[in-house]
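K.L.:
Features from Swiss-Prot:
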type	residues	note
TRANSMEM	2-22	transmembrane segment
TRANSMEM	71-91	transmembrane segment
TRANSMEM	98-118	transmembrane segment
TRANSMEM	134-154	transmembrane segment
TRANSMEM	176-196	transmembrane segment
TRANSMEM	211-231	transmembrane segment
TRANSMEM	251-271	transmembrane segment
TRANSMEM	275-295	transmembrane segment
TRANSMEM	300-320	transmembrane segment
TRANSMEM	349-369	transmembrane segment
């Protein structure tokens, strides 16, 4: 929004043109979202307390967590508001990728909000009925797949249309899985569905300790932002042998907003947490990360960078599958972070060590850009 204002002012005073710079706008998006979170954070927390939107803690979880009962939840509203305001201010709003990400944020945030609200209203940690929850999450993921496929079909040359659908294989130069060969985009849409829903639920499962999920979200958003920048610049894309997709240039603004909003939220979510993001934050942030990975065609690199989320989700799948088949548990408790609590790690130790792992994984994911 403001980029158009400053471009117009640039006709009268040339330095205003500098604001149209992509890197400067990305930094401003970080600062704006961070400032928004810091300014309104305490107000949101006080409001959530006044509304008695306290977290319900499962009795079958770690007993040390029972002291967190009543801590305000649904703090993800603060994160999403900061992202929305910052993106609307600094992104070029004629870019369809920006609007898709904002719509994803709203859809998945709304589902998460309904889930959180039902947990609070009925004092029941289960929340929204599973089939209803996954129906709406599926609708959101399918919306992304169909929208991106439609945008790909509008491209003037067939090569770009293919690149916007085919799955890029990191490290191997010019290797791709040709989803574009499947008629009507069915292969691409189905794959997109699993990436987005998988990412959304994986982040949600990770959000179980103070500060555990939000910093890895910030780190992965930074990594994907770098990949969006590369993919959106024809020179870097050609040099690094990644698909050039012009729309990705503005995606870095959304990534910047996610970074700023996440860091601002961490201020209040660090141990001992004053507020939890809830499903409204976790589901939407995960879905946005998954969507950006699809937009940049870096789904495999995303799985590496978000390896912490992958491990948390796999731990639940293994635990449930093992118990149903063998009546035995693989871990003392799932998701994975609870297993380490059960073997004697303190909550702060689990969080700090998982953060270190997240940093390493993001670096490894970024290395795939150069190793080709």
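Cβ coordinates come from backbone N, Cα and C, glycine included.
Looking at the shown structure, can you explain where the listed features end up?
P.N.:
Long-range contacts of the transmembrane segment (98-118) within its own chain (CB-CB distance under 8 A, at least 6 residues past either end) are made by residues 53, 73-74, 76-77, 80, 83-84, 87-88, 91-92, 124, 127-128, 133, 136-137, 139-140, 143-144, 147-148, 196, 200, 204, 250-251, 253-254, 278-284, 286-288, 291-292, 295.
Listed by sequence, the residues of this chain that lie at least six past the ends of the transmembrane segment (134-154) yet keep a Cβ under 8 A from its Cβ atoms are 96, 100, 103-104, 107-108, 110-111, 160-161, 164-165, 180, 185, 188-193, 196-197, 200-201, 247, 283, 287, 291, 294-295.
Sequence-distant contacts of the transmembrane segment (349-369), counting only residues of its own chain at least 6 positions beyond either end whose CB sits under 8 Å from a CB of the stretch, comprise 170-171, 209-212, 215-216, 219-220, 222-223, 226-227, 230, 240, 242, 271, 300-302, 304-308, 337, 340-341.
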K.L.:
Run the contact check on the transmembrane segment (211-231) against the transmembrane segment (300-320): 3 or more C-beta pairs under 8 Å, excluding pairs closer than 6 in sequence.
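P.N.:
Between the transmembrane segment (211-231) and the transmembrane segment (300-320), contact is present.
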K.L.:
Six or more residues beyond either end and a Cβ under 8 Å away: which residues meet both conditions relative to the transmembrane segment (176-196)?
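P.N.:
Beyond its ends, the transmembrane segment (176-196) has Cβ neighbours at 104, 138, 140-142, 144-146, 148-149, 152-153, 161-162, 165-169, 287, 290-291, 293-294, 299, 302.
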K.L.:
Restricting to the same chain and to residues at least six past its boundaries, which positions have a Cβ under 8 Å from a Cβ of the transmembrane segment (275-295)?
P.N.:
41, 44-45, 48, 55, 71-80, 97, 100-101, 104-109, 111-113, 115-116, 127, 137, 140-141, 144-145, 148, 192, 195-204, 206-207, 213-214, 217, 220-221, 224, 228, 245, 247-248, 251, 254-255, 258, 262, 265, 268-269, 301-302, 306, 309
